[in-house]
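Just below is one structure, and these are the notes that go with it.
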Amino acid sequence: MNQHTEKKLSPFLIAATYIGTVVGAGFASGQEVLQFFGFFGPAGILGMLLTSVLFAFFGRIIMQMGKDLQAKSHLPVIQKAGGLWIGRFIDYTITFFLFGAVTAMVAGSGAIFEEQFGIPSIWGNLAMAVATMITVLIGFGGVVSAISFVVPLLLAAVLGISIYTLIGSPVSLWRHAASIDNRAAVPFWPLSALIYVSYNLVMAIAVLSPLGMHAESDVALARGAKYGGYGLGLGALAILLALLANLPEAARYDIPMAFIAGKISPIIKGAYALVLLAEIYTTAVGSLYGFSARLADPDSARAKWVTIGAAATSLLASRFGFTNLVRFLYPVVGYAGLLLLAGLAYSYFRERLFYLVPALRKREYRQKNK
């Protein structure tokens, strides 16, 4: 294990890594928020508040389990949460989606190159695949450093654009929201919030599991999960409000937040596109690391070949298109990920009951000593 991974992480670094692992092409572009919350209009705001609480709650459970199990990948955590058979299904789902997420991020970078800079999308795909591969080859320390550096830039950009937009058109927010057709990826906003958290945690668990054992303390871990969950909610809410103020026009674009930034200034649009590329990079890095760590020990030579092969394959698969990947891949994985949330919640409350109810402790003791 290299020196970077020995460094104990503060609540800020934990929160920044959590946020940076979740946000990416779908989140920062506005496409995820539009698909899962924007088409519900004002009701989407309630879904966003529920999402913040769920992110904080489940993020803490995953990191605490990772710390207790000294997990190097997500496998020990999901085995504890889901047992042998369900855990195996969740493992396959997560491993598949991690590769799918890398592919979506590579596709998203191509969309930005083409839509925002007029450069053929293949060059954006290639640049993202290579940059992601190199960072993951450096190791877990490189992953954390890359992710935590970019997060403040994204939140500042999102909040700035959203505040400017709402100051300029506060009255139109509700009129546009009420007039749009509901083309949401999921039919009901409470279910949409659950699915949104589910598929994001399916992707983030690959980084959150090993992140737990690098926390300064349990207190730092808990605070990092809380700050990360609420930070995700704040950023997504800012994007949602900006989208609602610019519907239905914004829904016509692959990168709706870049369209909104362009209404402020072409310079702001270009700057936001660069921040968006950086965020795509952080999610691609986290996903590729998790995929590689699941298939091979991160410290082994085999992991390097897995990383190189996965990056090359994602480059080919990215030609399927960014919007198609967000619309079809994410909801399907989100439904499967509900098993993960159920398993995590069961493990959490079972442990709490174990310490509160003496009879449970006695039964466990008898089973171990048969």
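For all residues, glycine too, the Cβ spot is worked out from N, Cα and C.
Curation plays no part in TrEMBL annotations; they are all automatic predictions.
Note that this is a predicted model, so its numbers are computed, not measured.
Annotated in TrEMBL:
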- 12-30: transmembrane segment (TRANSMEM)
- 36-58: transmembrane segment (TRANSMEM)
- 89-113: transmembrane segment (TRANSMEM)
- 119-140: transmembrane segment (TRANSMEM)
- 147-167: transmembrane segment (TRANSMEM)
- 187-208: transmembrane segment (TRANSMEM)
- 229-247: transmembrane segment (TRANSMEM)
- 267-291: transmembrane segment (TRANSMEM)
- 303-322: transmembrane segment (TRANSMEM)
- 328-349: transmembrane segment (TRANSMEM)
Worksheet item: Which sequence positions outside the transmembrane segment (147-167), separated from its termini by at least 6 residues, show Cβ-Cβ distances below 8 Å to it?
Response: 12-13, 16-17, 19-21, 23, 28, 173, 207, 231, 234-235, 238-239, 241-242, 245-246, 257, 260-261, 263-264, 268, 271-272, 275-276, 278-279, 281-282, 285-286
Worksheet item: Counting only pairs at least 6 apart in sequence, do the transmembrane segment (303-322) and the transmembrane segment (89-113) share 3+ Cβ pairs under 8 Å?
Response: yes
Worksheet item: Per the definition of 3+ C-beta pairs under 8 A with sequence separation of 6 or more, do the transmembrane segment (36-58) and the transmembrane segment (187-208) touch?
Response: yes
Fill in: Listed stretch, out of 89-113, 267-291, 328-349, that has the most CB pairs under 8 angstroms to the transmembrane segment (12-30)
267-291
Practice prompt. Could you pull out which residues elsewhere in the chain have a CB under 8 Å from any CB of the transmembrane segment (328-349), counting only those six or more residues past its ends?
Written response: 26, 32, 35, 58, 61-62, 65, 78, 80-83, 86-87, 89-90, 93-94, 96-97, 100, 104, 185-186, 194-199, 201-202, 205
Worksheet entry | Non-local residues, at least 6 beyond the ends, that sit with Cβ under 8 Å of the transmembrane segment (187-208) | 17-18, 21-22, 32, 36-37, 40, 43-44, 46-48, 50-51, 54-55, 58-59, 62-63, 66, 73-74, 77-78, 93-94, 97-98, 101, 143, 147, 283, 286-287, 289-291, 293-294, 330-331, 333-338, 340-341
